Structure formats: C-alpha cells, structure tokens
Amino acid sequence: MLTVHKMHFSIFLLLWGWVLSTECRAHRQGKEIHEVYKKGSRPQRQRREAHGEGHKQGSPILKRSPDITKSPLTKSEQLLRIDDHDFSMRPGFGGPAIPVGVDVQVESLDSISEVDMDFTMTLYLRHYWKDERLSFPSTNNQSMTFDGRLVKKIWVPDMFFVHSKRSFIHDTTTDNVMLRVQPDGKVLYSLRVTVTAMCNMDFSRFPLDTQTCSLEIESYAYTEDDLMLYWKNGNDSLKTDERISLSQFLIQEFHTTTKLAFYSSTGWYNRLYINFTLRRHIFFFLLQTYFPATLMVMLSWVSFWIDRRAVPARVPLGITTVLTMSTIITGVNASMPRVSYIKAVDIYLWVSFVFVFLSVLEYAAVNYLTTVQERKERKLRDKLPCACSLPQPRPMMMDGSYNDGDVNELGHYMSENGDKQDRMMVQLALGSERGSGRRKNQRYVSMRIDTHAIDKYSRIIFPGAYILFNLIYWSIFS
C-alpha cells in the first residue's frame, strides 16, 4: 500500500515539472518574438512619427485644442455655474439699470397691405448685455456659442414688438436662436423673427402717396429704472439687404430713433423705432386706372360729332361710357380700405365721371331744344296767313337719315357754303295798311333757334376743361 502511494506521488511530481518547463519555454519564445517585432517596427514607427510631425507643422487645422465636451468635468452648465445663481432676476438686481444694446439686420420686407394697414418684415434681432454670473475661466479668451436650449436656463431681455399682430421665431431646421458668451460675461443673443405689425397709412394722396411705417421694440416688464434699451451703434445699428424690393413701392429710407413710452399703470419704458419710408410706384395705376378713365372721357366726346337725330348712336354711347366709369370706380375702391376721406384717385375718377355724365346731358339738351324748335315751327305755320309757300319740315327720323336744310326758300335756312345751320329765319313782307299790324307780324319774323351750335361749342369746351383739370390735378399731387 505504501508502495502505491509513492508511485502516485512520483507521477504527480513528474507532471508538475513538465508543466512548469513548458510554460517557461513558451514565455521565452514570446519574449524573443516581441523583441524581434520591436526591433523591426522601430524604424517604421520613427518614420511615421517624423511624417506626422511634419504634417502637423504644415497643417494648422490639426493644432486645435482638444474637445472639452468629451470631459465629464467641463459641462457648459457647470462651467457657467448656472445652478449657482438665480437667473429669474436681472443682472445687478437692486443696482442701476442694465444697459442692453440692440442692432437689427432687415432680411426682407415681405408684404405691404393697404386693406389691413400692416406690413410683414423678417429680421435678425440681436441683443448685447453683460451678465457677470455667466463669466468663466479661459486661457485663450475664446467665447462659447450655444443654441436655444441654454436660453431657457438663463436671463435674457424680454423684448416684444409694439402694435404687432403676428410674430414668430423661425424653427427650420431648429430654432433660429444663438447665444454667445464671452469669458468676462458679455452676452450676444440673436434670433431670426418674422413680424406683422400695424402701419397707420394716409391715403389722401393715393396712389401718389408716400407712406412711413415703424417697427417698435420695447421691454415688456422692465422699466427704464431696470433696463436701459439703446441702439448699439446709433443709426448704423440698422442694416438692410440691398436686394430688398417691393412690387408697388420704392424703399426710400431706413433710419432708427429712440423714445420713451409712458403707461399710466406701470411707468416709463425705453422704446426703439425702426422707421422706413415707402414711395408708391405710379405706373401700375396709370395703366389700370388713369388711362382707362381718360379714354372713356374722350370716347364720350365722340357723340358731339354724331348727328343729333341719330338717337340710337348717341344714347348707347353715353350710357356705355357712364357704366364703364362706374365699373372703374368700383374696382379701385374694392382694393382699398373704407376710409372716410377723399383720396386723390377718387377726385380724378369722379371728375371724369362728371365729364362723361355731362356729355349725356348735353345730348339730352340738344334733343329737347330740337323738339322745341319743331314745335315752334309748327305753330308759326299755323299763324301765317298763307303757309302754302313755306317748306314742310320733315319729322325727326329715329334712324338718323334726316338731311338738314333740304330747302332754302325762306330766308337763310341753309347757308350758301353748304354748312348746315339748324335755324329758322322767317322774314316775311306782308302788306298791311296799319303800322301796328306790321309790328305784330314781325314778332313771328325774328325767331332763331340754333341747336347745332351746342355741339359745336361742346367740341371745344369739354376737351379744354378736361385738359385744364389734368394740369391742375397733376401739378398738385405729383
């Protein structure tokens, strides 16, 4: 039994020694391989390092400082110590008013609405102030830039647009908000806004008018004792894009002003104004309003050259011009606000309408006087002792085929040069023994009605009066 135990112990010792020898041999081989690899790779590594150093010296891009956002000890909130301060209060609360500078870059004027009396503008609004609570240590004096997520955790000025109807901050692809903090606590807060604001327009000279609109910026909660709002660089704080243009207006001027606004319940507030002047383009209204109205007035004058007996020609012409002028007036007023005063275009259109209407009344007067003339001629024939030699007047033809002055038997019913004169001159030499009877007969001799002269005078008076009106109108409003 003892012999068996000794045999087992001997076998165990042999196995243990074999394992130890195998591990030592493998360790020596691995060390030799590592030394060989190290000797062979040292020149390549040296060449790579030399090449990398040369590349770094030639490219300044690779000299940037390490990314501090990967360090768990340099989070922005910890670096700015946001949790150590109460940012619901303004900087320097209890002390003097904090200065907040503002500058604006106008990106576009989107629309001007006369009906709603407002305008729409897209702009970059930038605020500048200093908050020592946001100061942070920095070795290279570089600022830190953040997006809109940090804005909700710190104090920012509570600006709003006075008299605005609609406004929003652009959010494509993210909120268009930028916050930049300097190591000494100076802050730049920028955002891209589109605002629709009211503009009090005066249309008394429309469409030859010039409008001045203002976009007003003010703090909502902080009075001038807490927040001093000012333009950062004076009038140079307002920048505009040179490509800004409007279809109906010419942008003449942009400028800035600063005023104080008083509210009876809260106090005085600093208010910044962005003022711009717009001059309306007149060419569109010349084509759409003034030229058509002028042509309608000139068309109404054509009736003065049409025979007075051509009723189917003159009456529809007058009615057509009157209705056309009414349509033009209605179309212009449909695109305008319902103001309680007279506009410049109203003066022109209504005077033109009066000229057209007077041309219709002129034909009504001519037609009436012609009827009176024929009635008197008929009465004259009835009172004459002998009417057999008098020409029988033709009745007025509705188709306009009447021929003036077919006969020239009594007096000068038709002139020798062929010019038609619608008059009736009767000069009769009636024998009478008594002078009173001779004077009685001469009452019927000196009758003269010239209705055709009304059209002749109208051909001169109407155009002359309308030209005089245009000269006065354009000299006043242009």
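Quick reminder: no glycine exception, Cβ is built from N, Cα and C everywhere.
Features of the protein shown, as given by TrEMBL:
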COMPBIAS  46-56  compositional bias 'Basic and acidic residues'
DOMAIN    82-281  domain 'Neurotransmitter-gated ion-channel ligand-binding'
DOMAIN    289-397  domain 'Neurotransmitter-gated ion-channel transmembrane'
REGION    37-69  region 'Disordered'
SIGNAL    1-21  signal peptide
TRANSMEM  282-305  transmembrane segment
TRANSMEM  317-335  transmembrane segment
TRANSMEM  347-369  transmembrane segment
TRANSMEM  457-476  transmembrane segment
Go ahead and report the DSSP secondary structure tallies for the domain 'Neurotransmitter-gated ion-channel transmembrane' (289-397): helix first, then strand, then coil.
81 helix, 0 strand, 28 coil
What residues in the same chain, six or more past the boundaries of the transmembrane segment (347-369), come closer than 8 Å to it by Cβ-Cβ distance?
289-290, 293-294, 296-297, 300-301, 303-304, 308, 311, 314-315, 318-319, 321-322, 325-326, 328-329, 332, 449, 451, 454-455, 458, 462, 465-466, 469, 473
To what whole number does the mean pLDDT across the domain 'Neurotransmitter-gated ion-channel ligand-binding' (82-281) round?
91
Where else in the chain does the transmembrane segment (282-305) make close Cβ contacts, counting only residues six or more beyond its ends and a cut-off under 8 Å?
207-208, 248, 313-314, 317-318, 321, 324-325, 328, 332, 345, 348-349, 352, 355-356, 359-360, 362-363, 455, 458-459, 462-463, 466
